[in-house]
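S.K.: Dropping the structure in here first, questions after.
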Amino acid sequence: MDKFCNSTFWDLSLLESPEADLPLCFEQTVLVWIPLGFLWLLAPWQLYSVYRSRTKRSSITKFYLAKQVFVVFLLILAAIDLSLALTEDTGQATVPPVRYTNPILYLCTWLLVLAVQHSRQWCVRKNSWFLSLFWILSVLCGVFQFQTLIRALLKDSKSNMAYSYLFFVSYGFQIVLLILTAFSGPSDSTQTPSVTASFLSSITFSWYDRTVLKGYKHPLTLEDVWDIDEGFKTRSVTSKFEAAMTKDLQKARQAFQRRLQKSQRKPEATLHGLNKKQSQSQDVLVLEEAKKKSEKTTKDYPKSWLIKSLFKTFHVVILKSFILKLIHDLLVFLNPQLLKLLIGFVKSSNSYVWFGYICAILMFAVTLIQSFCLQSYFQHCFVLGMCVRTTVMSSIYKKALTLSNLARKQYTIGETVNLMSVDSQKLMDATNYMQLVWSSVIQITLSIFFLWRELGPSILAGVGVMVLLIPVNGVLATKIRNIQVQNMKNKDKRLKIMNEILSGIKILKYFAWEPSFQEQVQGIRKKELKNLLRFGQLQSLLIFILQITPILVSVVTFSVYVLVDSANVLNAEKAFTSITLFNILRFPLSMLPMVTSSILQASVSVDRLERYLGGDDLDTSAIRRVSNFDKAVKFSEASFTWDPDLEATIQDVNLDIKPGQLVAVVGTVGSGKSSLVSAMLGEMENVHGHITIQGSTAYVPQQSWIQNGTIKDNILFGSEYNEKKYQQVLKACALLPDLEILPGGDMAEIGEKGINLSGGQKQRVSLARAAYQDADIYILDDPLSAVDAHVGKHIFNKVVGPNGLLAGKTRIFVTHGIHFLPQVDEIVVLGKGTILEKGSYRDLLDKKGVFARNWKTFMKHSGPEGEATVNNDSEAEDDDDGLIPTMEEIPEDAASLAMRRENSLRRTLSRSSRSSSRRGKSLKNSLKIKNVNVLKEKEKEVEGQKLIKKEFVETGKVKFSIYLKYLQAVGWWSILFIILFYGLNNVAFIGSNLWLSAWTSDSDNLNGTNNSSSHRDMRIGVFGALGLAQGICLLISTLWSIYACRNASKALHGQLLTNILRAPMRFFDTTPTGRIVNRFSGDISTVDDLLPQTLRSWMMCFFGIAGTLVMICMATPVFAIIIIPLSILYISVQVFYVATSRQLRRLDSVTKSPIYSHFSETVTGLPIIRAFEHQQRFLAWNEKQIDINQKCVFSWITSNRWLAIRLELVGNLVVFCSALLLVIYRKTLTGDVVGFVLSNALNITQTLNWLVRMTSEAETNIVAVERISEYINVENEAPWVTDKRPPADWPRHGEIQFNNYQVRYRPELDLVLKGITCNIKSGEKVGVVGRTGAGKSSLTNCLFRILESAGGQIIIDGIDVASIGLHDLRERLTIIPQDPILFSGSLRMNLDPFNKYSDEEVWRALELAHLRSFVSGLQLGLLSEVTEGGDNLSIGQRQLLCLGRAVLRKSKILVLDEATAAVDLETDSLIQTTIRKEFSQCTVITIAHRLHTIMDSDKIMVLDNGKIVEYGSPEELLSNRGSFYLMAKEAGIENVNHTEL
C-alpha cells in the first residue's frame, strides 16, 4: 500500500503527539473506499427494486434537477482530477497509482449516483435512504483528509495545491448534496409527508414539524391530520391478514376436530337431563341456562393460530424493528467502555487532551445513533401495533357479518364491542413492546458478560440472586394473568348490564328500578375493583423485586469482589463502569413487569379473539341461489333448526313458489312462520334438505330495524337516488303525510334505533327500504303488524297486493290479517313447523280443514271491526270499513290520520249527508291549511331540531379543575404520602451513588491497601442499606398509589353511574348509546389502568432527573449555566408537543365512538344486511371509520417519536456537555467524580424522554377524566326522594287533576301540551286518542314526570306530583308500555328486582298474566335465565311478563301506553281480560291503538296539537258528531252505544 500512495499507509507514531493525525495514504484509500464500497454494494438492489415496481414516472422537479446538476459538477471535477494526474505523469515525475484510481472510481460512482437518483424520481419522489447514508459517510470520512490538506497548505502553501483545491470544491459539493438529501421534494397535500420524506427527515421526524406547529397555533381538527399511507389502511392490512388466517385457521380447526373426536369417544352426558325432543318453546330458557353453564366448563375451540397469522402478515416490519433494536442494544454497551476510557484519561496525567475530546465526541455520536435507532424502532413497533389493532377490529366486524346464529348467541353486543375496544387495544399494547422480551435477554446477557470482565467471578453471586428471583417472578406473573382473565370477564358483565340499562332506561325510570340495576353494576364493579387491587398489589411486588434486583446484584457483587481477595480494590474505573452496566441492566429489568403484564393481558385477549374469530360461519350451503329456474323459491324436504341440540323447528317442508306469486304464510303463534322466513334467509342451521332461490331478496322483519341517519338514507340503503321511484315508494308506503310533519322532511335525522319515530312509522320506513330495492323476491314478515287497519289496507293495495308497487315480484307475505287472504295467489298454513295446508283462498275454504275452521272462528268473534275487506274502495264504503282486531297497528301517525279523514270525507259525501258534507269540507280545508302551515314552518330553522348532537370535543389545555378533580378523588393525604416516599427513594439513590464515589476514593487515598476490615464492612453495609431503602420506599409508594388510585377509580365510576341513571330522558334521546358506553368502557379502563401507571412513572422520572442534575451540578458547578438553555429547549419542545398530542388523543377518543355505535347497529340488523347482501357496503363503511380513527392514532404515534428524538438530543447534549466539561476541568477533578457524573448523565437521556412522555401521557389520559366529568356534570332530573314524602297508602283513591298543565321537551322547543285541564275521578277508565304529535305519549310522560312541567299542575289525591320525589311518584304508579323490554337475568328479577314480594305473590301474578303454566314447565322455574333483551321469549310472552309486573305492583293508577300494539289477537285478549278483572277498582288511562279497546271506557279524551278538543263519555262524544265520531264512523262502530268487548 505504501507504493500505491508513494507514502506511509499506517504510522502509530503520528497518534502519539499532542497534534495527532492519520497518514494521508490511509485517508486517500480506506476512508475513500468505505463510502464508495457501501454505495456499490447497495445500488444494484435499489435499481432492481425500481425495475420490478415499474411505477408510473413522476414529473421532473427543480429539486430533482438541482441534485442532478451538483452530481454532474462532481463528475466534471473527477474528470479534471484524472486529467491533472495524467498531465503530472510526465518525465521523471511519477504519479502514485492512487491518483489515477480514485478519479476513475469517482467517475463511475457519480454516474451510478445519477442513475440511482433518476430511478428514485421514476419510482417515487423520495430520497433514497442509502444515498443519504452514502453522503453522510462520504462527508465524515472526508473530514480527515480535509484537515490534513489544510495543515499541509498551512505548512507549505505550494504542495499539491491543485489537487487540494479540487478536493475542497468536491468536498463542498458533497456537503451541499448531503444538505439537499435532508429535504424532500414537493408532495401531495392530502398524502402523509412520511411517504416522500427524506432519510434524515424520516429518522428525525422533521416532516411532522408542520403538524406540531399547526397544533400549537390552534386546536387540531380531523381536517388538519394527514391521511395514513395506503399500506397502513384497513383494507390493505386486513387482506394480507386474511390470506394468512385462512390457512392457519384451517389447520387449527383440523386440530380442533381431532381433539373433539377424542373427547366424543367418552360417554356423553345429557345436558342437565334435557331430552333432545323436548318442546323448544317450553324449554328454551332451560337450554339457555344449561348451555351457559356448559360453556364455562369447556375451553375447546381452534387455538394457537392468531399469533402465527399476525406474524406472517407483518413479518417484514417485525424484522426491521428487530434489526434496529439489535443495533441499539449493541451500541448501548459502548458507553461504559468510553466512560472507562474517560475516567482513565482524567486519572492519567500523560494523556493527550485530544484523546479526551475524541472520547466526548464518540460518546455523543454513539448516544445520537442510539437515539435514531431506538426511535425508528419504536415508530415501527407502534405502527405495527396500530396495524394489528386495525386488523383485529376489521376482522371482528367482518366475522360478525358471517357468524352463525348459534355462535352469535354466545356473545352479547356488549361482549363483542369489548372484543373490538379492549381486547384489540391489549393486543396493540403488547405488540408495541413484544421485542423487549428478547432485547432484555440480550441486554442482561451482555451486561453480565462485561461485568465479568470488570469484576470477574464475583458477578456470579449477583447472577445467583437474579436466578433465585426468577421463580418468584414466574409465580407472580401467573397470578397476575389469572386475575386479568377474571377481570376481563367482570368487565364484560358490567358492560353487558350497562348496554341493557341504556337500552331500557325508560322502563327503569317508569318503574323506579334504577337503584336495583345500579346495585347490580356496583356489585360487579366491586369485584372488578377487588381484582384490580390484587392485580396492583402483585404488580407492585413484581416492580419491587425487579427494581431492587440490580441494587441487590450490585451490593452482592461488590461485596463478594472485595471480600474474596484483599488485593481486589474497588477503584473508580471498575465501580462506575459496573454501575453504568448495572443501570443498563436496570432498564430491561424495570421494563419486564410492564412487558410481562402487557403480554399476559394480551394472551387473555388472544384466547378470546381466537374463540370468536374461530367460531363457525353461517352455513349457506343449504340455500342454493340459481339464475335459470322455473321456480322463484323451492323447498325440498327442508328441515331447519335454531340449535343442533334441539329438534328441527322447520320439518320436512316441500313448497314451490312460482315467480311473481303473492304467497301468504299464516298460522298460530309459535307455528314457525318467522322461522320459515329465517330459513329462507339462511339464518338457521340446516338439518337436511335444501332451499333453491332464483334472484335477489329483500326482507322486511317483524321488528323494524332503523339506522341512525336520515329517513332518506334509511330508504335508499346504499342504492342510487331515483327521484321518480323514490316518490312512488314514499306515496305507496304512506310516508308523505309524516314527512310533512317531521322537521326536515325526509332529511329528518332518526335517532338511535328510530327513537323519534312511532312503531308504525318505523315499520313503514322499513317497508319503503325494501320496496325501493329492485329485488326479485320480497320476504315480508308480518310488515303490517305495527300500522292501523286503514294504513294497512293502503299499503297492501299500493305495495304488496296484486296491483301494488311490487306486483309482478315474488312476495312471501307472513300475516295475521286474515282479511287480506282473498287477494293472495296461494296460502300456506303452518303448524308446529310443518305445512298443514296450502292452496288458494277458495280451495282452502272448500277443504274445510284447519284454515276453514280458523276463518269461521275469526268471523264469529271479529265484531263490527272485523268486517273490512280490501277488494275495492266502494265495497269498503258500503261495508263500513273498520279496524280488524288481528291487525297490530299504531294509529298515532300522520298517515293514519290523513287516510281516516280522507276516507271519512269520501263516505260522508257518498251518503249525501249535507251536515256531514259541510263538516267534511271544513275538515278537508282545515287539513289543507294545516299542511301549508307545516310546510312553511319546515322552512324555518328551529334550534334544537337536530336530535343526535355531534360529540363535543374539548380543545386547548385540559382544565386544571380536571386534575384537581382526579387528585381529590385520589385523596390529598395519599398524594403527600406518595410524594414523600418517592422523594425518599430518590434521596436513597443519590446517597448510594455518593457513598459509592467515596468508597472508590478510598483506593486512591490508601494507595491500593485496605485500611481495615471494619471500614470495608461499613462501606458495604451502608451501601447495601441505602439500596434496600430505595426498594422499600418504592414498594410503599407504589402500593399506596395503587390503593389511592383504585379509590379514585371507584369514586369516578360511582359518580358517573349515579349521574347517568339520574340524567333526564332527553339526555338519552339525544346521546347515542355507544357514546355513553365508551365512557364506561374505554375511559374507565384508562382511569383504572393507564392513568395510575402514568402518574407513578412520571413521579419516578421527575425525582430521578432532579437528583441527576443536582449531582452533576455538585461535581461541575459550571454545568448549572448550561442547564438554562437546555431547559428552555426542553420546555419549548414539550409545550409544542403537548398541545398537539393532547388534541390528537381527544380526536382518537371521539373517532372511536362511531366505530362501536356502528358495530352495535350492524349486529342488531344482521339478518337485514345479509338478506339485502349489503355486507360489503357495511364493511367498507366500517373500514372508512377505522381509517379515520387510525390517522389520528398514527399522527399521535408520530408526535411521540417527534418529541422523543428531540428530547433525546437534549439528553445527548447533557452527556456531551458533561463529558466536555470534565475534559476541560480534568486537572481539578478525580476519577471517582468523573465516573459519578457521567454514569448519571448517561442515564438522563432516557429519563428526560420518559418524563415528557409521561407528562403527555398524563395529560392525554386525564382526558378520560375530562370525558367522564362531562357526563358526571350532566344536568340531573329532580331528586328521587325528598323530605316531603307522601303517605304510605298514597294514592288511596286514584283521582287525577290536570290544572292548565303545560310542557315542552327542551327549553328551546315549543310547548307540546298547551294548558291541559281535566279531572279523572277515582276508578274511572279513560281512553286517550289523537294523531301523531297530539300529545298522548307526552301526557303519559308528564304523569311519571319523565317530562317536567313548564306550567300548571298535576294533582293526584290532593298532592301535587311536582312536590314529591320522583321515586315516591313512580313507585306508586304502574305502566304497561308498548315495547315489552326485558333484561338479562332471572324471570323473577324481571318481575321483582328488589325482592319485595314473596314467591307466592309472584306466582299469582304469573297466573293472572297467563304465564304460570309456561314458567312452571321450565326446569328452573322463576330462576330461568332471560337473555339480553328477552330474545329467548316471544313478543307475546314478553308483553305478558310486563302485565305480570303491573299485576304484582297493582297500583291505584294504571297507564296502558299502546300496550297491545305489537302483539297478536290472542295476547291482546288475554291482557284486556286481566286488566278489566284485576284493575276494576283502579284508575286506568289507556292510550288507544284500536278503538274497540276503549269503547267501554268511562270517558274518552281526544287530543290535538297539545290540547283537549273533546272529553266525555263515548256516548256523549258520538252524539256530538265531532272528531271522535268521525274516527268511530271510519271503524264502523259509530252506532255502538257502549260496546263491551
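Cβ from N, Cα, C; glycine included.
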S.K.: Going by what Swiss-Prot says, which of Asn6, Asn1243 is noted as N-linked glycosylation site?
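M.R.: With Swiss-Prot as the source, N-linked glycosylation site is noted for Asn6.
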S.K.: Under the annotation given by Swiss-Prot, are Gly1315 and Phe63 positioned on the same side of the membrane?
M.R.: yes
S.K.: Labelled phosphoserine in Swiss-Prot - which residue from Ser194, Ser758, Ser874, Ser1337 would that be?
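M.R.: Swiss-Prot records phosphoserine at Ser874.
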S.K.: From the set Ser58, Ser279, Ser910, Ser1014, which residue is assigned the annotation phosphoserine by Swiss-Prot?
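M.R.: Record says Ser279.
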S.K.: Could you check whether the transmembrane segment (68-88) packs against the transmembrane segment (165-185) - three or more CB pairs closer than 8 Å, residues at least 6 apart in sequence?
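M.R.: Yes, the stretches contact each other.
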S.K.: Considering only the recorded stretches 165-185, 541-561, 1208-1228, state which has the highest number of Cβ pairs under 8 Å to the transmembrane segment (126-146).
M.R.: 165-185
S.K.: From the DSSP assignment alone, can you count helix, strand and coil residues within the topological domain 'Cytoplasmic' (378-433)?
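M.R.: DSSP composition of the topological domain 'Cytoplasmic' (378-433): 50 helix, 1 strand, 5 coil.
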S.K.: Three-state secondary structure of Gly1330 (ATP 2 binding site) from DSSP?
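M.R.: Note: Gly1330 (ATP 2 binding site) is in a strand by DSSP.
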S.K.: When each of 27-47, 310-330, 541-561, 1116-1136, 1208-1228 is checked against the transmembrane segment (1030-1050) for Cβ pairs under 8 Å, which one has the most?
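M.R.: Checked against 27-47, 310-330, 541-561, 1116-1136, 1208-1228; highest Cβ contact count belongs to 541-561.
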S.K.: Using a 10 Å radius around its CB, how many other CB atoms surround Ser1337 (ATP 2 binding site)?
M.R.: 21
S.K.: When you measure from the Cβ of Lys1336 (ATP 2 binding site), how many other Cβ atoms are you left with inside 10 Å?
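M.R.: A 10 Å sphere around the Cβ of Lys1336 (ATP 2 binding site) contains 22 other Cβ atoms.
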S.K.: Going by DSSP, how much of the topological domain 'Cytoplasmic' (1137-1207) is helix, how much is strand and how much is coil, in residues?
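M.R.: DSSP classes over the topological domain 'Cytoplasmic' (1137-1207) add up to 67 helix, 0 strand, 4 coil.
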S.K.: For the binding-site residues Gly1330, Ala1334, Gly1335, which Cβ has the most other Cβ atoms within 10 Å, all shown protein chains included?
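M.R.: The residue with the most neighbouring Cβ atoms within 10 Å is Gly1330.
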S.K.: Under 8 Å between C-beta atoms and at least six residues away from its ends: which parts of the chain pack against the topological domain 'Cytoplasmic' (1051-1093)?
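M.R.: 414, 417-418, 421-422, 491, 494-495, 498-499, 501-503, 505-506, 508-509, 514, 517-518, 521-522, 525, 532, 536, 594, 708, 751-752, 755-756, 947-949, 951, 966, 969, 1041-1042, 1045, 1149, 1152-1154, 1156-1158, 1160, 1257-1258, 1261-1262, 1264-1265, 1267-1268, 1271-1277, 1280, 1305-1306, 1341, 1346-1348.
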